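Chemist: Could you have a look at this structure, given as structure tokens, before my questions?
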Amino acid sequence: MYKRLVQEFFPKLDFENLEKYVNLIEFSNKNFNLTAFSGDILWKEGIFESIFTMNFIVGLVNNKENKKLKILDIGAGSGFPSIPFLITNPEIELTISESMQKRCQFLKDISEKLDLKFNLICKPVQEIDPQKFDIITARAVANLEKLEKITKKIHFPKTLLAFIKGPKVFNEVQNCKNCNYKIIKVNNNINKKIFIAFKQVS
């Protein structure tokens, strides 16, 4: 069902490569425990949600010049949300920070097997050199207070911090003093409450 929904919503994507990516996750999950998603749920909460929410986040960026966007995905694990988005938008400049070595190895494998070009940093985001990213994002990595701390040294003015969250985001905002995140609900077709906590660094 959700595999077909992905095809219907994103007809111009490289569906063959997306299927290969899903198959690699299913195969590698047996040994590496990459994600709890499998089967139709993998297509729903892994693939569709990633592409849909990343499209939404990119829409929050003021990109009148239509420049190549530089995106950092923190703790992508098996590649969510950035890899499905990269497959559908190969023109972006993607960097992934992933500290778990087995997941890093998986990301290296998919880069080679799917011929995907992205920068992979196999260490915690706190240890990477500051770079000018247009967007810094993460999904299911940490609460807003922690995300605020670990990204503090690596963002620049005008960087968009945009984190994919569930309904608990409202409690996280209350606990993150002086963080000043805005919350927006992402209307979607998978009957799931998805929110984006975002702000532009001043």
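Quick reminder: no glycine exception, Cβ is built from N, Cα and C everywhere.
What Swiss-Prot records for this protein is below:
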- Gly75, Phe80, Val125, Gln126, Arg139: S-adenosyl-L-methionine binding site (BINDING)
Chemist: Sort out the sequence-distant neighbours of Gly75 (S-adenosyl-L-methionine binding site) for me: same chain, 6+ apart, CB within less than 8 Å of its CB, listed by position.
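Modeler: Correct list: Ser97, Glu98, Ser99, Val125, Ala138, Val141, Ala142.
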Chemist: If you measure every Cα to Cα pair among Gly75, Phe80, Val125, Gln126, Arg139, the residues listed for S-adenosyl-L-methionine, what is the largest value in Å?
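Modeler: Farthest-apart Cα atoms in Gly75, Phe80, Val125, Gln126, Arg139 are separated by 20 Å.
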Chemist: Three states by DSSP: which one describes Arg139 (S-adenosyl-L-methionine binding site)?
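Modeler: In the DSSP reduction, Arg139 (S-adenosyl-L-methionine binding site) maps to strand.
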Chemist: Where does Phe80 (S-adenosyl-L-methionine binding site) sit in the DSSP three-state scheme?
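Modeler: DSSP assigns Phe80 (S-adenosyl-L-methionine binding site) to coil.
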Chemist: Including all protein chains displayed, how many Cβ atoms other than that of Phe80 (S-adenosyl-L-methionine binding site) lie within 10 Å of its Cβ?
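Modeler: Excluding its own Cβ, Phe80 (S-adenosyl-L-methionine binding site) sees 27 Cβ atoms within 10 Å.
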